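K.L.:
Dropping a structure here in structure tokens format, bear with me for questions.
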Amino acid sequence: MVNVEVMPPLMFGGLVVFLLIGFPVAFSLSAVGLFFGFLSIELGFFTPAYLGNLPLRVFGILSNDLLLAIPFFTLMGAILERCGLAEDLLEGTGQLFGKVPGGLAYAVIIVGAILGAITGTVAASVIAMGMISLPIMMRYGYDMRIATGVIAASGTITQVIPPSLVLIVLGDQLGKSVGDMYAGAIGPSILQILLFVAFIAGVSIFAPHRVPALPDEALTQRGWALWWRVLKGMVPSIVLIFLVLGTIFLGLATPTEAGAMGAVGAAGLAVLNGRFTWALIREAMGNTMRITAMVMFILIGATVFSLVFQGVDGSLWIEHLLSGLPGGQVGFLIFVNIFVFFLAFFLDFFEIAFIVVPLLAPVAAKLGIDLVWFGVLLCVNMQTSFMHPPFGFALFYLRGIAPKEVRSADIYWGAIPWVGLQLVLVAIVIFWPESVTYWLDRGTGVDPSTVRIEVPLPEMPDDDAPPVFR
Amino acid sequence: MRPLLAFSRGVDSINAAMGRVADWFVLLACAVSAGNAFVRYGISYSSNAWLEVQWYFFAGIIMLGASYTLFRNEHVRVDLVYGMLGTRARIWVDVLGIILFLLPATLLLAWMTWPFFVDSFIRNEGSPNAGGLLRWPVKLLMPLGFVLLSLQGLSELVKRVALLRGEQPEAEVVVEYHRPDQ
Amino acid sequence: QTAPEVRWRCASSFPRTLDTIYGAAEHVSRRVAAMTDGKFQIRVFQAGELVPGLQVADAVQGGTVECAHTASYYFVGKDPTFAFDATVPFGMNTRQLNAWLYSGGGREALRPFFERFNTVSIPCGNTGAQMGGWFRKEIKTVQDLNGLKMRIAGIAGQVFAKLGVVPQQIAGGDIYPALEKGTIDAAEWIGPYDDAKLGFNRVAPFYYYPGWWEGALNLSFYVAKPKHDELPPAYREVLESACRDATLETMAKYDAQNPQALRQLVAAGTQLRAFPREVLQACYKAAFELYDETAARNEAFKKVYDNFRAFRDTQFQWFRVAENTFDNFVYFQHAQEQRGAAGEQRR
Ligand code: NA
Ligand code: NA
């Protein structure tokens, strides 16, 4: 007789095996779920009726209006990527920073941060920056690995800087408001940019030949012409930042609607720049549709898995496993981060957010860990899943657009120091929770016990009028 | 094999059409959402019906678009092992995956979601929110989507079996796999 | 004869973070197990773990879970009659609603309605009178309601809509930032204890009372009818009394926790405001118009509504005699004393 306690670990094992076969993740997830579901029915852990909860869960996914942000931000990214606005921004900034050693790398980091404040998708950032700056960096003698690494890493900054799909999804999974998640992510975003800049500064001091300054002949524009160019390149970005963040701040749009604003704005800018074509929009729509369907079907597959996982008391198993960890909060956080870091080698962030985070959140809450802090920490950690050689998405995009002379090994090796920097950031956020919580709201400091609450009283009649009964 | 391949072509064209509808739902969802914000801000008018339309379109993108995404071979995979396989081995992974992984789930879900829709339709279920929409149209998307996906699964199966048998299917078959943009 | 082993899964409509409401189901689970020597086990799952919170009625109806813990007014889209099992605007207070449900024929009136959904509904928890929610601007006249964008669901939203309010059921995660920036003007939740956890006080200064749409919110323990029928009679009794116990438990917890939570909110800068009488009167009128309209086209609704209204009339008569006179006098006297004490301190 099989005991129900062995089922959860078996399911995790099955998950790894099924996913490794290489059939689409969405259907592999549901297959693991159904396989163990039928096994559980056979072994009497639950009845066939229990699987009847699936339609309700699927409907819950379709009616989760928070996930609407996914197609909106994807559409905005798809339009931006195709209409060349990001290129304008990068060219100007590159010229501006060109004469300092490491200048092009700084430009890539800054542009990555600006693009990050507009959108939440990595593809647009990496592809745009890779296409423009990688050839320039190669031409002027940048070390190949530094060049590919800085592009891939800067492209992933967008996941931590609000607005961010990861933060939206994590907020939803953790039951925290998107506003709090965004506020909590401000500190780590700044730290991350500083870390990246410091790394390049370090390289430019200790190995200046790896990040040379642009020679004079490469600086085609100077003085006012250059500044004008930079400004012109920045205008569309500022307009979009306004459309997305500004409409939220003005109270014009909810954060979800702001994504739609950004998409409409990106299309408008493409029109203004004369780059709008009907084909561009059609292509962006199709691309967005397929990404949305793909991502949401991972969720549907994951919901089959997790229904069965709940049915075999999986959440109890995880709780026992994690609550027995030594070291209280910090011990738990360190363990979880190592766990997620390794999961990120073969799962990407959607898979982690939907399968693993719901299992971790209750334990974290029980240990008294601030869930915003926890979410931002996981977000920073999961950013590495984009840069893990050899399967990180960012590296894959870069491979797709890099010139032939860039070897895959350069891209993989180039990513490693940045994954290291990311881990340093994870450690900082674990041991310095104020880096997140500082930006969250604090109280007024008034002592509640001194508070007097006066509520108007009903009028008391002077005379006691006798009641009347009819 | 011939009639099967004809079936496969038919399914492919139906789902391509559904995919185009889903493409437009992206734009419509976006336009409605931005429009909601403008109207609410501008003239303090808005309604739950227009808020709900957004996620009706969203549900449409997913349920009508998933089968075309399967046709394009763009459902993300873990290509740790798959990436090292040859074409024939990849086709085998797909053939077995469709039979053992995909079809059981999509057929089961199509069968399960149907009565869920019927109950909502018979009771004329509305929204719990003031001024909201009837629920059955969005609930109908579920059985419809899973049936379309099952059909696409069969179509992909037919095409891959034909390839394995050395026949060249006239229907388009996407064996090459690219990780999707994200 | 030995008692059989029964194991049920209970799908809650609430997240664990709402510890009082969610706790009602856990309370039932603990009591039931304790009273049956662990033979009758109910495992509670928070919203979303088995099914999403708003899908639990479907789950019980379809028998995919044995039981659920919820607030019936989530399902007014299926049929507005569900609301009477929870609360309706300007309905009864906690004591009166309990009297109707437990001893006044309320459950009997609702039973045939729930049978259409294959469900047995047992009262299980109550929040007491709720607060009227968080507003960015003051409501001084009925005209101030016109164009007010408020996140409020269900029948209360329909009542408000009659007075020009724009009910906006925006996404859960968007409420906070939308209220912060004025995308919406108001949002409501439960009472001080639960509201404080959401932090709405940080973005909307005015905290209105009373929540006239929820003078008392009865929570319900749904059991799939076939499962209820096959339960041994002794277990049925055990479940009944555990649910009754949960009603007392939640009420006591809220009453004990809310005063301190309200003080904390006020200390953090919240400004308490009462809905003006004129506004309440307009809402009252709109609410009862809505019930009449609904009753005219919904037979089930009319049946329960007639029963509910008749009971409410007699309750109001009685409560005005001893309860209300007592309450009014002691609150008044107490306030006078406190004022006097404060005055002396100042001197
Ligand atoms: Na971002
Ligand atoms: Na309320």
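Cβ atoms are placed via backbone N, Cα and C, with glycine included.
What TrEMBL records for this protein is below:
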DOMAIN    A:12-434  domain 'TRAP C4-dicarboxylate transport system permease DctM subunit'
TRANSMEM  A:12-38  transmembrane segment
TRANSMEM  A:58-80  transmembrane segment
TRANSMEM  A:104-134  transmembrane segment
TRANSMEM  A:146-170  transmembrane segment
TRANSMEM  A:190-209  transmembrane segment
TRANSMEM  A:230-252  transmembrane segment
TRANSMEM  A:258-281  transmembrane segment
TRANSMEM  A:293-312  transmembrane segment
TRANSMEM  A:332-359  transmembrane segment
TRANSMEM  A:411-432  transmembrane segment
K.L.:
Report, as numbers and ranges, every residue of the chain located at least six residues beyond the transmembrane segment (A:411-432) whose Cβ falls under 8 Å of a Cβ in that stretch; write 'none' if there are none.
P.N.:
144-150, 152-153, 188, 191-192, 195-196, 199, 330, 333-334, 337, 341, 373, 376-377, 380-381, 383-384, 387-390, 392, 394-395, 398-399, 402
K.L.:
Contact between the transmembrane segment (A:190-209) and the transmembrane segment (A:58-80) is defined here as three or more C-beta pairs under 8 Å separated by at least 6 residues; is that satisfied?
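P.N.:
Per Cβ check, the transmembrane segment (A:58-80) does not touch the transmembrane segment (A:190-209).
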K.L.:
Are the transmembrane segment (A:293-312) and the transmembrane segment (A:12-38) close enough that 3 or more Cβ pairs fall under 8 Å, when only pairs 6 or more apart in sequence count?
P.N.:
yes
K.L.:
Same-chain Cβ contacts of the transmembrane segment (A:258-281) under 8 Å, 6 or more residues past its ends?
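P.N.:
Contacts of the transmembrane segment (A:258-281) (Cβ under 8 Å, skipping residues fewer than 6 from its ends): 68-69, 72-73, 75-76, 79-80, 82-85, 118-119, 163, 236, 239-240, 243-245, 247-248, 252.
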K.L.:
Could you give the residue numbers and ranges of same-chain residues that sit at least 6 residues beyond the transmembrane segment (A:104-134) on either side and whose C-beta is under 8 angstroms from one of its C-beta atoms?
P.N.:
69, 73-74, 76-78, 80-81, 86-87, 89-91, 93-94, 96-98, 140, 142, 146-148, 150-168, 189, 193, 196-197, 200, 203, 211, 214, 234, 237, 240-241, 244-245, 262, 386, 393-394, 397-398, 400-403, 406
K.L.:
For the domain 'TRAP C4-dicarboxylate transport system permease DctM subunit' (A:12-434), report the average pLDDT of the model, please.
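P.N.:
Residues in the domain 'TRAP C4-dicarboxylate transport system permease DctM subunit' (A:12-434) carry a mean pLDDT of 83 in this prediction.
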